[in-house]
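This report refers to the structure that appears directly beneath it.
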Amino acid sequence: MNIFDKFRILIFSIFFSCIILSLSAYGEELTSGIVIADNVNLRENCTTNANVVDSLSIGENIQIVDSKDEWYHIKTETGKSGWVYNDLVLSLHQNLDPIKKGIITANILNIRKEPNINSKILSKLKKDTEVTIVDIKNNWYKIVINKTTNGWANSKYIKIIPNYSLGQVVGNNVNLRTIPSTSGSIITKLNKGTTLKITGYKQNWYKVTISGNKEGWIYKNYIKVLLNNNSNNTAISRSSNRITSKIIAFAKSNLGKPYIYGSSGPSSFDCSGFTSYIFKHFNIKIPRTSKEQAKIGVKVSKANLQPGDLVFFDTSGRNNGIITHVGIYIGSGKFIHASSGKRAKKVVISDLNEGFYKKKFVTARRVY
């Protein structure tokens with residue numbers, strides 16, 4: 001091999017290496033996404049029963065690594081990884097989004113158990129029904145039928161559309177603007193309950209598309225992200241969590257029951273016995289003692305408390321930060337707990353920001 005041939009091989013090697021590196025970098029960019037709801041649970045596995053490993057904020061940039069059913073496996077900028085529900089994340093590159101949306105084009109489409117024409121029919125869907133596509137096999141799409149069941153449909157009768165999340169207007173006469181700023185011109189005003197598609201997010205503003213394919217921007221406080229194409233959101237995002245209201249209602253149903261040290265209910269409680277009893281009722285397992293409860297879940301600052309969070313205190317009188325008491329935050333600066341105080345000695349609601357407990361607060365944890 002002469003010098004010219006060696007030089008030519010070297011040039012080609014460098015050239016193809018550059019192409020491969022460019023494609024790799026571009027591939028990473030194509031799997032990027034952004035969180036479009038606040039207090040989104042990042043979980044160990046793709047189920048609402050899995051442990052919460054972190055809480056994601058609206059506008060946070062992430063990388064989509066993989067998907068399973070209606071969940072994304074993601075990696076955050078801080079290096080944490082886990083699973084989030086797909087409707088709470090917007091893929092910034094729809095052509096490589098592992099989860100697709102589709103519109104049924106047949107008048108009636110059979111949804112089958114397996115991807116073949118002879119398989120059992122699980123359901124029938126009407127024309128123009130929007131579906132979520134979670135897998136592809138030959139000429140068949142695997143779609144979500146309900147929360148527990150998936151089925152297969154012939155791809156010939158489903159038109160792929162962008163996997164945009166749905167949102168709902170939560171205010172009256174909400175302005176749809178031309179740019180993400182209050183200085184933007186008003187395109188139209190939207191009524192409370194209007195459903196729209198979320199196509200982007202930038203500096204506290206949602207980019208949306210409404211009926212008639214009109215596009216514009218709405219401030220984040222006036223939009224609620226919908227899950228599963230409906231407003232009955234599940235325990236995926238703490239900002240849209242049905243179970244929280246049930247937890248608080250159940251906790252309040254125990255108001256007035258006596259405090260007895262070492263008791264775990266149902267007729268009497270100590271502080272950690274009360275919290276563990278309440279969460280156990282909803283199949284959320286937490287340790288028995290307040291010190292151990294303070295080690296699980298995700299740490300939450302006092303300013304970012306959400307109803308359902310556990311709040312911890314040092315009530316020993318030593319003020320050394322050692323946790324001796326726990327309660328459940330219920331919103332509006334208040335928490336419910338089994339109080340051992342001389343005046344109470346029962347389950348009560350107390351103020352977190354005034355009186356005795358204001359100076360005794362140590363930390364808070366989000367455990368579901």
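Glycine is no exception: its Cβ is also placed from the backbone N, Cα and C atoms.
Model, not experiment: these values are computed from the prediction.
Under the heading domain 'SH3b', TrEMBL lists 30-93 (among others). In terms of DSSP helix, strand and coil, the domain 'SH3b' (30-93) has 4 helix, 35 strand, 25 coil.
The domain 'SH3b' feature in TrEMBL is assigned to 99-162 (among others).
With DSSP classes pooled into helix, strand and coil, the tally for the domain 'SH3b' (164-227) is 6 helix, 39 strand, 19 coil. The domain 'SH3b' annotation in TrEMBL covers 164-227 (among others).
As annotated by TrEMBL, domain 'NlpC/P60' applies to 241-368.
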